[in-house]
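K.L.:
One structure follows; several queries about it will come next.
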Amino acid sequence: MLEGAKRDTYPVGCAFDESIVHHEYFKENPDYQNPAHNTKYGVYKERCGLDNVMMSWGHDDYMYLVAKENKSTLPSAGLFIIRYHSFYALHRSGAYKHLMNEEDEENLKWVQIFNKYDLYSKSKVRVDVEKVKPYYLSLIEKYFPATLRW
């Protein structure tokens with residue numbers, strides 16, 4: 001994975017979009033020259049759904065799998081946000097929409113709302129962790145079992 005692109009996630013198995021951070025360095029990736037992987041659809045079918053698209057590995061998929069495997073009661077939109085919030089090529093640039101199905105299109109709205117509070121939009125205001133801790137612990141308690149498998 002590229003050092004500069006490791007915070008962003010992107011599909012593998014199809015062409016790398018120019019909206020991916022430092023996309024020019026993907027020329028060194030063997031998939032860039034592979035005719036099965038370097039087209040708009042690559043190994044995927046139109047509107048196959050993002051659940052059927054292999055993404056680059058990152059903290060998004062890790063936390064999504066933790067939530068899923070621990071039978072989190074988060075709504076599907078919440079799981080979608082966790083899994084795709086670093087897929088900036090999609091939710092900021094509109095790339096890869098041709099792979100989305102109807103459910104993805106519905107959930108994309110929630111990612112775009114969440115994005116206002118994500119990585120590139122942090123506030124410099126310091127939060128009193130002890131003050132907000134009970135609120136966040138109650139959310140964890142609501143949506144996750146008492147013991148998690150990591």
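Cβ coordinates come from backbone N, Cα and C, glycine included.
TrEMBL feature annotations, pasted as is:
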BINDING   H59, H85, D118  Fe cation binding site
K.L.:
Which Cβ among the binding-site residues (H59, H85) has the fewest C-beta neighbours inside 10 Å?
P.N.:
H59
K.L.:
Which residues does D118 (Fe cation binding site) neighbour through Cβ under 8 Å, counting only same-chain ones at least six apart?
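P.N.:
Residues satisfying the criterion: H85.
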